[in-house]
Amino acid sequence: MEPSLLLWGILTFVVVHGHVTELCDENPPDIQHATFKALTYKTGTMLNCECKKGFRRISNGSAFMLCAGNSSHSSWENQCRCISTSPRATDGQIIPKPEEQKGKSPMGMQSQMQPTDQVNLPGHCREPPPWEHEDSRRIYHFVVGQTVHYQCMQGFRALKRGPAKSVCKTTCGKATWTQPRLQCLSERSDGWFPDDEEPQASTDAALGSDTSCPSITASTTDFQRHTEVAMTTESFVFTTEYQIAVAGCVLLLISIVLLSGLTWQRRWRKSRRTI
C-alpha cells in the first residue's frame, strides 16, 4: 500500500469545504444472497482510484475522488487516471481502450442506474463517472448519514421483514450501520436454505442492540473494578503502615524504659557507695 493511501486510511474524519465529516468505521453489513447500492452519495464520501490488472494510477494523480459541495450543489472532485504498467507507457501517455468499457459495469456490487427522484438530492452527489481502465469493483468510504439499499441477487426473491436499507449512524460514540431487515429466498425452492435461519437470528439480535451501549457499560464496570482494586490496595497499604508505626512506638517506649532503668540503677549504686 502506498504511503498516501495508508495515511489517508488511518484518518476517521475528512474536511469538506470547512465542514468536518465523520467517516463510517466499517462497510455496510453483508446480507446473504443480496447486494447493496447507494442511490446518491453524501458530501464527504470518497472513492478509491483503483485500476484494473495491468494498469496503475499516474504518479501525480489523485488517490481518490471526493464528493464535495454544499446544500445547493455537490459534485465529485479530482479525477482518476490509469496508465499501462508496460515499460513503453509513461505517466503522460494515457492509452484509451473504450471498447473494453462497453458492456461492462465498473460498479461491482453497485449499479449505476439512478432513480429520477434521487439524483438531485441536495448535499449529495450522483454516481461518479467511470474512467479508462477502471477496476471492476469500486471501493467507497461512506460518511455518517449515508443510506444504502439492498436487493436480492438474480435467482432469489426478497422476503422483506422491514426496510431493505442500512443507514450509517453514530451510536454510543461510534459510527455504525443499522441492520437491514431483508432475507432472500431461492426462486427454485419454497423452503429456506439450511444456513438461512442463523442470519435471521443475528439480524434480530443486531436490531435489538441498536439503542444499547454495551461498550459504555463494560467500561463503567471495568472502571468500578479498577476503583475497588485501588481502594483495597490503599487500605492494605494504610493498614501495613499503621502496624509499622505502632511497632515503632512500642520499640521506642521499651527503649526509653530500659534506658530509664539503667540510669536509675547507676544512681542507686553511687548513692550506696557514698553511704
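Even glycines carry a Cβ here, placed using N, Cα and C.
Marked as domain 'Sushi 1' by Swiss-Prot: 22-84. The feature N-linked glycosylation site is assigned by Swiss-Prot to ASN60, ASN70. The topological domain 'Extracellular' annotation in Swiss-Prot covers 22-243, and the record cites sequence analysis as its basis. Marked as topological domain 'Cytoplasmic' by Swiss-Prot: 263-275.
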- Where ASN70 (N-linked glycosylation site) and ASN60 (N-linked glycosylation site) are concerned, what is their Cα separation in Å, rounded? 28
- Note on the structure: For the topological domain 'Cytoplasmic' (263-275), the averaged pLDDT of the predicted model is 83
- Summary of DSSP states over the topological domain 'Cytoplasmic' (263-275), given as helix, strand and coil counts: 12 helix, 0 strand, 1 coil
- Note on the structure: Within 10 angstroms of the C-beta of ASN60 (N-linked glycosylation site), the count of other C-beta atoms across all shown chains comes to 8
- Surrounding CB atoms that lie within 10 Å of the CB of ASN70 (N-linked glycosylation site), all protein chains: 13
- Task: Give the three-state DSSP assignment (helix, strand or coil) for ASN70 (N-linked glycosylation site).
- Result: coil
- Message: I'd like the per-state residue tally for the domain 'Sushi 1' (22-84) from DSSP, helix first, then strand, then coil.
- Response: 0 helix, 28 strand, 35 coil
